[in-house]
Amino acid sequence: MAPAPNNKTPIGNYVPIYVMLPLGVVSIENKFIDQEKIEKELKELKAAGVDGVKVDVWWGIIELKGPKQYDWSAYKCLFLLIQKIGLKIQAIMSFHQCGRNVGDVVYIPLPKWVLDIGEKDPDIFYTNRAGIRNKEYLSLGVDNQCLFQGRTAVQIYSDYMASFKENMLDLLEAGAIVDIEVGLGPAGELRYPSYPQTLGWKFPGIGEFQCYDKYMREDLRKTADNAGKPKFNLPDDAGTYNNTPDKTGFFKIGGTYQTEYGNFFLIWYSNNLILHGDQIIAEANKVFRGFPVKIAAKVSGIHWWYKDRSHAAEITAGYYNLSDRDGYRPIARMLSRHYASLNFTCLEMKDTEQPATAMSAPQELVQQVLSSGWKEFIDVAGENALARYDATAYDQILLNVRPNGINLHGPPKLKMAGLTYLRLSDDLMKQQNFDLFKKFVLKMHADLDPSPNFGNPAPLRSTQPEIPIEKLLEATKESRAFPWYPFTDMPVEGGNPFD
């Protein structure tokens with residue numbers, strides 16, 4: 001039975017809460033728009049006890065005019081306002097396109113000079129088996145290809161972060177910016193763009209592999225040759241975006257994914273994603289080491305087909321996760337060498353809210369991924385996937401941030417490092433919604449007063465030596481998730497449900 005929280009609850013139970021700002025708070029014209037409205041709302045968030053805000057810092061805005069032609073002025077104005085109001089800042093290095101994903105209401109493409117290079121060499125973009133390009137994010141196949149007016153993709157990302165540091169130095173040194181989330185794929189997530197709505201995907205389609213550009217093709221060819229498997233090629237039986245697993249040769253029971261070739265391909269596909277994240281997070285560590293800031297990577301909450309033995313939707317996104325193979329712990333282990341956090345999503349979802357035909361299990365997925373992070377001794381943070389303003393969603397989030405409830409004797413053994421709520425909007429600020437949200441903030445803080453200095457990061461330590469891929473893959477060994485309470489001991493409407 002869980003103890004009832006009271007006014008003696010230790011500060012270690014406190015979980016900071018941030019609110020994501022609107023996607024277009026800085027316009028595609030690089031203007032900080034609606035300043036008066038944003039200032040008013042930021043002050044209301046501060047009065048509600050919110051600890052800080054999270055902001056997309058769009059590559060397509062900042063480096064729009066040409067290579068290394070950065071313009072940070074609008075974001076600097078926004079950040080100084082946030083600092084003045086007394087809120088902390090989480091900044092996302094958004095190297096992806098904004099728009100045409102779930103919840104996107106504005107459109108910000110990649111910089112035009114990058115898209116122009118893609119007109120001449122479309123293989124810089126992720127590509128499906130039909131040869132259709134996805135321009136949301138550069139293919140990891142060009143991470144180390146010198147195709148961008150003398151720079152590789154990784155060098156572009158590194159230069160961008162270095163310029164951010166130079167232009168926000170006063171804010172970093174003052175501790176106003178506490179978190180740098182590094183965009184590593186579509187929607188800023190470490191994944192392949194396997195389920196693009198713009199190309200016809202609809203929930204709960206399994207998605208498609210995105211590795212048919214010439215750079216990834218060549219990498220697979222070399223990998224297969226080195227392994228003595230020269231005939232191993234890209235799959236031709238994995239279906240299309242809206243298939244179900246049983247309708248494909250690859251994911252059906254006894255399908256290709258269970259063969260020697262299938263295992264070889266999926267290890268290559270998922271390892272490349274991990275190595276992509278490893279390389280760019282290493283660059284982020286070089287840029288921000290020594291500053292009192294955390295760096296982080298976001299992992300996508302692909303909960304549909306989780307109950308199917310193939311986990312097809314996760315696998316096409318790059319997470320080689322099966323009932324007897326952990327596809328997330330190797331990511332957490334990779335992040336651990338950089339002292340980086342793992343951010344996860346879909347924290348508000350319950351299994352019973354999903355259609356049975358999708359074989360979804362968001363609760364079990366959240367438990368697995370958070371547990372994988374904690375087993376690797378890294379900070380785990382997260383967010384909701386969809387806009388929700390109801391007590392049911394808030395209570396599910398509260399359960400996930402403290403899976404075993406309040407600890408009256410110190411910090412809970414299991415506790416998330418922070419939560420970002422999506423997002424600041426007119427709907428959130430409606431009186432009824434905002435009144436309940438304020439209760440939610442209080443429960444995130446374990447009924448304690450706001451603590452502006454709680455969780456302030458220590459100076460970022462330097463990346464540790466590279467972890468051999470064999471050591472990373474040891475983390476795929478099946479292990480049970482930590483146990484969760486059935487419901488939170490701090491529901492937003494009050495009371496102790498364990499009584």
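In case you wondered, yes, glycine gets a Cβ from its N, Cα and C as well.
Shown in sequence order, T345, C346, L347, E348, A393, I397, Y421, L422 are the residues of the chain, 6+ apart in sequence, with a C-beta less than 8 angstroms from the C-beta of N384 (substrate binding site). Positions annotated as substrate binding site by TrEMBL: D56, H96, D104, K298, H303, T345, N384, A385, R423.
The feature active site, proton donor is assigned by TrEMBL to E189. Listed in sequence order, K298, V299, S300 are the same-chain residues at least 6 apart in sequence whose CB falls under 8 Å from the CB of E189 (active site, proton donor).
Sequence-distant contacts of E383 (active site, proton acceptor), defined by Cβ-Cβ distance under 8 angstroms and a gap of at least six in the same chain, are M20, N343, F344, T345, L347, L419, T420, Y421, L422. Annotated active site, proton acceptor per TrEMBL: E383, in sequence order.
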>> Excluding near sequence neighbours, so keeping only residues 6 or more apart in the same chain, what lies with its CB under 8 A of D56 (substrate binding site)?
In response: L21, L23, I92, S94, C98, G188
> For R423 (substrate binding site), what residues in its own chain, 6 or more apart in sequence, show a Cβ-Cβ distance under 8 Å?
Replying inline: V19, M20, L21, P22, L23, A387
>> Give me the long-range Cβ neighbours of H303 (substrate binding site): same chain, 6+ apart, Cβ under 8 Å, in sequence order.
In response: C346, M349, Q354, S360, A361, P362, L365
